[in-house]
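Asks: The structure's right below; bear with me while I get my questions together.
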């Protein structure tokens, strides 16, 4: 860890040197003055004298510095190049560096250094393996230019140039790396890297660790895994996936390898790409080493590196094992710039930089790749040598040609230029020859070889043209030239190659044999197609599934299930198909492998199994009623009634299987059952007339006893002569094979059924007792006797057995006869005789009784004995059937004995149990009670009768009865309490029960016991006292001592009571320990081994007090007679008494040792004493925080104690004890300690020796002081003294905040400033010590974000950031201000601002001035300024545009926001081509007018798709697809447009009618009742609207009814999903204005996403035009306008469409001019076709005619979809659409009274939302006879509710608006608030005022969704 921290510190210092060094310009390192680059730790030197390349290599190799060998510099990274570049001379810019392609042209490798031999660059693929400076025109293939020089020119800056080996250049040498370990690079996907160690290395490989530390984030580290030693200098390891730059440290133990290696992952490379040339266009790039995190990938397009390709995404999977990514171009590629093209592509992958200038680019127009390169080769060399080496996406390059201006424009905008200087042009050979005959140019290579074409050029050659003349095109001025006019004399030019465009061809003609279930096959082609190609695989002309694998030229094709063949298989790539009849699929013929079951003679279903039986019964021929039960392997069919042998054939698609032979089923026997002496036979095909069926067993016919049917035969009874044999069927049926049948024996009777347990003879009668069957086959006849098989059956005949019953017990035992090992007869039962008992005997010790009798059996498990309800244990049959023993339970009572043998029970009466005494207690010598324990001592027997129990004691010849009292019985053990007189010695006890005596039990009085003996002094005779129990004078003797050595009798013993003896002892025995004492009373002995001891000295404890001792104990006596020692040192000065000895200051010679005391008789050693160190003083008690030495004075600083070495520790302020070089033990009284740097007061220091810790002494550190402050963004640096080194000890007291620093040293603190910090005084507390002074902090403000971007009109912006407080910590105003400086103006504009939040997080609202482009925003107060935030005004927002007719130029008006006149440019066009909208004029900040040529169309020459409008102003660009061409509409009406009664709007097809007329064609003359008296109104909950007419109560009602997703027209317009408005969850309506209400809601059905619906309903009072999406519609008075938005619909298929249905209702019939009139509709339909329930009819006007009134519905011919404006299509649904029925049912509509119509607007699918804008209005006819007017019923069909008010209407008209995205149009998202403000901007527009970003609701899943 210590070593790694040093390396980290070195790394940080290195980075610091790099950063600081970059601020200065160095000019050293000249002629051997080497300079070190810290990042690589290499040295570099520049040598300013001219050599050729090989001489420069040799010269560097001869130069050594610091022991390192030099080499020609190898440039491997951008950082290394930037460092070296600073040492180039201002006057000399050419230097040799390492790199050559000599010997392998185009493959550049390093010639020198650690990288020697490694690839640097591949000129053919443009791949960089390391960092390089090659450009679009270098390297080339001119001559022998094999070496690299650096060049600095005026137009390309520093770059590489390949050059011949001439003495032309200076050179640069490098040192370092050859003597160090080296690690090769790997791609970012990870892989095996080679580790090269210098020859002669002594590194330890066995524990080698290779550690990677990120240069950009040192906290990120990883190791190289699987380190493997190859040889002494080569090893390998596995680098994990990653990206970026690292310092690699080689660690081993020992040693750690010096000099970290600067290492990086391989740079990114591009194999090919599909470009975009417009802003916002998607770019696809295929290549590798792009890293693992796309967010860390930066891509630039073009030389200026101002245009990024952002939003990088990695495509899942890989293509030919390469990575595919997409990105979005930030700006358009200019159409005319000479320097800023699409190429080069520059990558920065976490600091690893690479560029590619010669990338093959894919052109979607031709489906081919193109590449240019200034290779400087001849035309022939370009065609024959270079082209085969140029590979792109698997295609070999070929010379191409420029045939069209589009191709020229594509190349001129995309291919990398070689210079911004137009004179230095890129000239590229054309792959053509001139044809003198055709006067055209002939293509020389590729699929069009031999075709004559006209080359595109603005100029053509004027000189000699013939077939031998090659041509090139100068890209800068599209001039076609030949070598006679070439600028260069050597006639070497650049190359222009194309790839692709070749028809695919199978590698070989092949037929795939497939099972009918299909299979996966691999097909191989010579042409694989490009990554971007469109590929289809067809079988029989029908597309089938396939997958392009990672093997080039190989496709995995899924052959579908099928039959027949051969069928043609083809592949189409980009419209080119493989040759016909070169690949086929042949399905395998069917084969039958089995058939089951065999058919019955009556016919039956069978199952046929096999292979390739297909899955379509219609194509299968076999038997009848075919059904496929398992596709391809099993089918079921019906066979007819039949008999005999036949064959079956299966035919699939005219291909037949081989015949499969089978036979109809014969007679079968499924079972034969014997029941007693009759048989049941079950089977099939017996026939229904058994007269023709013969049945026999063996030779005996049983037919006469048999009856049955086709499946069942019963034979009863079987004839007596029948024995086992074959069952044979004969007769008219086909007989089955004979069935062997064996009879089962049958029992009829036994001669007797009762036997003794020893067994007996019985005669068995029955049938089928067959010892053998079939004449001689053993039938295994046995008798099963009580489940025991017995082969001794006593056979007599087939009907009789003389059998001997086996010994046993019990009743109802089974007897049966078995034959053949399994055929069992019926069962007969028999029993054994019950037992008897005649006599018994008992052993009370073992509780065992032995009984003698009869019929006990031989199995002790079948017999039980029981007394008084207690079952006996351990029953043993002693003699089978007659004698048994058993163990009774000791709770048993005398009385009856019950015997049970296998369920048969008898009773033996009056059994007397023998008593037994098992244990007694001993009575005291004083007499009294003692306890008797025993068995069978009960006072009563089983009947409750008294047993007369008594007890007696006997001593010598005297027997005495003793009174005893029953106590208890526990677990069968009886206890009695008996009373005896005083005495001593031994006696016996006996019990008598029911006259039966127990055996005598020997016992005694209690033995004497000694508990303690008093002590006397050695050799001082005296009386001693013995204490104990059961002492008596009879036979008393007391002795002291061990009889084996010496014993002394204690004389004159006297007994006091029974517990004390006194006697006289002479104290003569010599003993250093305890002596035994023994007492004998009347022959009973008691002793105690350690009873007597002499008094002696005892030490209970020794305590050290400072440098003295206190000894505690007993028997010290007169201490003046004692000697004390510690170790060998005598302690001469001490005092004390009998229990305490005190030694004050110990002699200086004393050290740890053993304490011993000598009393004159014996010298006693006690415990060893280890002295604890004792501290007296410190030399200094106030220390420097960096640390210092102190001298510690004291005692007992022992480095050795009692022969053992000690470790001396210092405990510093409670920290873990430390030892080592910081501690110097001078002697046992002095230590010098180096106190480490720290902080604080009241710190303690102590000495520890082993586990012994001294007292503590107190010291402190110097208090901190503050010098200065420095703020860097969110970091504050505090400088001063005595801070210490530990951040956790420091608190920074900043105003009201207390902050812990993030890093600290003794003079510097670094703290992270909290965002709530404000200006305040600052002090610090270090370990509780407050700094001696304070400093005032003036915080530098930080602006982090501005939102929203200000409009050019100057709108409010919200500034967020940190340290923006308007007041300081004392709440004093600091005058915080904000200023904006427009880019280039130099003027600071002070903004007017107010605080939304004056505390963190800060939020300030400022009024931005009018302006444009970019500006710097600054916060400041006093003299403190923030860093400027570089931001901009909002880019132009394009919402709508007016339209023009195609090819009719004119002015267009663009509406939007944030426009300005500065550098105003407007473009209209597509992804591929744009036109400048000239004379762009800013009318106001929201409106631009410009002149557009109207000559650009979208793909496919379609004017129906929107064009992109791009507005650039103030350096900012915005765009949107909003321009649509006008359609060539014709206004309706006859004979003239608008019926001659109105003005035709040709741009929309609408009529603006004259006063008095209305209708979509102005043909309706209206009366005074139009507009009607009552205005329209809307329902308050769901937005439904009612439109009254002039003829009350006739009215129209409109509401939205459904949303429905349908499939595309090609898929039949089938319904996918429908959402009904009846299921919507409504939110509360919002009143926007008096005439407009916003309705919104959502569905809980999330099948198609979290769909949200919102719409404005607006009442238009007076006639006027309304605008929507740039088109104007006339609105009648009292109209209702809906503006509907649908969000978040998720389509199941991108080709599907959505319908939005409106429901409108009116009467089905009215009386009009006294005639019955049916309601109908009409429209200005332009085209009509039917299909899938949709009657497509493109119209903008729809009219419902209802007698005297008319409902006009108008649709804009466009809608807003994902912010794009696209054309809309409309349609009328056919009457059979299911929605009619569904809607009528939901609304309970009577269709005879109500008229219903469904119509729609149709577009493809959308990603985000769609907005539509229908308009509804009514008119009343003037030419109407009201005299016979009959108003329609006011009662609707749902229950009589009248019209008007909020009642539901009785009729509805659904109008469907189906919406989706125009294919291929990519829209830019516009913020919701911009849409709200600008989507319908003019005075006549209806604005979506409810859809601002602050309108939110909780959706069906609880989420919050904001309106757009």
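Note: Cβ is positioned from N, Cα and C throughout, glycine not excepted.
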Asks: Looking at 7-26, 27-46, I want to know which stretch TrEMBL calls transmembrane segment.
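Replies: Checked against TrEMBL: transmembrane segment maps to 7-26.
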Asks: For the feature transmembrane segment as recorded in TrEMBL, pick the matching range from 1834-1854, 1855-1875.
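Replies: Residues 1855-1875 are the ones TrEMBL records as transmembrane segment.
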Asks: Within the domain 'EGF-like' (1527-1563) only, compute the mean pLDDT.
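Replies: That region's mean pLDDT is 85.
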Asks: Around residue 1562 (disulfide bond), which residues of its chain at least 6 apart sit with Cβ under 8 Å of its Cβ?
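Replies: Result: 1533, 1538, 1539, 1540, 1541, 1542, 1551, 1553, 1554.
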Asks: I'd like the per-state residue tally for the domain 'EGF-like' (1527-1563) from DSSP, helix first, then strand, then coil.
Replies: 4 helix, 10 strand, 23 coil
Asks: Have a look around residue 1553 (disulfide bond) and count the other CB atoms within 10 A of its CB, chains all included.
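Replies: Other Cβ atoms found within 10 Å: 25.
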